[in-house]
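Just below is one structure, and these are the notes that go with it.
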């Protein structure tokens with residue numbers, strides 16, 4: 001029988017939870033990548049005017065470009081800081097509350113951006129970008145973790161990949177809002193930079209109504225009843241004990257273990273190949289150059305010979321390509337598997353990077369296949385509950401550091417290598433595809449315990465007895481587990 005105080009749900013609850021978390025989460029990453037492209041010339045003029053008013057100094061063009069590059073790239077350093085604090089925050093506050101608290105950084109950033117023009121301070125824009133970066137760094141780590149721990153096994157890949165779908169949607173939304181006809185004009189650029197507060201407000205109003213991650217509730221907090229109520233709400237039906245068995249088994253495997261620190265993973269042989277995999281793939285997703293192109297899309301299209309009045313519409317085309325490809329990948333990931341999608345995405349990006357070298361005017365294909373990468377799923381699937389927050393911290397740190405590096409050097413690559421500027425990106429994509437195809441085990445449709453055993457065989461070759469016998473679950477598979485059974 002059902003527990004009298006249990007909350008009922010419906011399958012729609014999971015869908016709405018995904019939308020709520022993503023609107024104020026990874027959508028912000030894509031949105032804040034895109035909105036910096038439209039006001040480039042306006043903010044550069046503002047920087048020059050500010051220097052002239054304060055110190056009666058007329059900056060040279062390269063000096064304005066340098067300040068602008070710092071404003072753009074400092075977003076990545078904020079993201080790096082956010083990735084570092086995301087792990088401790090999820091352990092202390094949980095996945096859902098962490099996403100809600102994350103909006104403090106966002107709202108402060110929006111206020112600074114909104115008032116920067118009146119205050120005649122480009123430094124406020126810099127601080128705003130750092131805070132927005134922290135917000136994005138936290139959400140890029142916490143949201144996939146929240147989704148991976150809340151999703152049923154057969155949908156875990158698709159639901160985790162929805163983070164990428166909302167990132168791509170954020171890019172398109174930012175490009176549209178940044179049109180000159182909307183907020184991309186000279187009088188409105190401060191409102192464009194502050195417009196990211198609206199998705200954050202939507203999340204603050206909606207996410208509290210949804211449950212916490214069931215795995216966090218049971219494994220970290222030891223609250224079985226809350227876990228089952230969360231599962232019931234997210235699934236819209238009584239909880240199958242087969243699903244609860246898997247969580248209980250992971251709880252048994254991590255019993256007595258405290259949450260790992262990031263530096264401890266580097267000396268832990270049992271996660272050697274997992275750590276190598278997330279570091280390589282997280283780095284490759286930025287070193288392929290895709291997100292840096294969004295920073296400098298206007299410059300790239302101008303070099304490609306597109307007229308100034310058409311560039312803003314061309315940039316929307318790139319975002320739309322990635323958004324469309326994300327949706328397709330979301331539909332394919334549970335059929336084709338993670339390794340196929342990652343290796344295929346990097347291989348096709350290699351091909352299109354070569355095409356760029358031959359004809360820089362052909363740009364859209366690259367964005368279509370970038371989204372075949374399913375990087376955000378991996379730490380959830382290949383690390384246990386104790387190591388997962390630290391793994392996301394490392395993966396996120398690699399992603400943001402490499403985004404900063406590529407963001408800083410990309411203009412110099414374009415000016416130095418010109419039509420050969422995509423050759424380094426092609427080499428990185430090819431090497432990444434080879435690594436995924438040769439070394440990364442497939443995780444599609446497998447329980448976390450089975451995945452851990454597969455990586456154990458890689459980490460301890462010839463030592464099959466090293467892995468301790470798994471604790472048997474306390475429920476029979478296939479039975480409905482009611483809260484009164486607890």
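One-based numbering along the chain as shown.
Backbone N, Cα and C define each Cβ position, glycine as well.
In TrEMBL, annotation is done automatically, which means it is predicted and not curated.
The annotation transmembrane segment is assigned in TrEMBL to 12-31 (among others).
Annotated domain 'Major facilitator superfamily (MFS) profile' per TrEMBL: 18-444, in sequence order. Looking only at the domain 'Major facilitator superfamily (MFS) profile' (18-444), the predicted model's pLDDT averages out at 83.
Residues of the same chain lying 6 or more positions beyond the ends of the transmembrane segment (66-87) and with a Cβ under 8 Å from any Cβ of it are 29, 32-33, 36, 40, 43-44, 47, 59, 98, 105, 122, 125-126, 129-142, 259, 262, 295, 389-390, 392-393, 395-397, 399-401, 403-404, 407-408, 411. The transmembrane segment annotation in TrEMBL covers 66-87 (among others).
Listed as Cβ neighbours of the transmembrane segment (99-119) (distance under 8 Å, sequence separation of 6 or more from its ends, same chain) are residues 21, 24-25, 28, 46, 82, 89, 93, 125, 127-132, 134-135, 138-139, 142-143, 146, 189-191, 193-197, 200-201, 203-204, 207-208. As annotated by TrEMBL, transmembrane segment applies to 99-119 (among others).
Among the features that TrEMBL reports, transmembrane segment is placed at 345-378 (among others).
For 390-413 (among others), the entry in TrEMBL reads transmembrane segment. Here the transmembrane segment (390-413) has Cβ contacts under 8 Å with residues 65, 69, 72-73, 76-77, 79-80, 82-84, 86-87, 90, 133, 137, 140-142, 144-145, 259-262, 264-265, 271, 274-275, 278-279, 282-283, 285-287, 289, 291-293, 295-296, 299, 375, 378-379, 382-383, 421, 424 of the same chain, all six or more residues outside its ends.
The annotation transmembrane segment is assigned in TrEMBL to 420-440 (among others).
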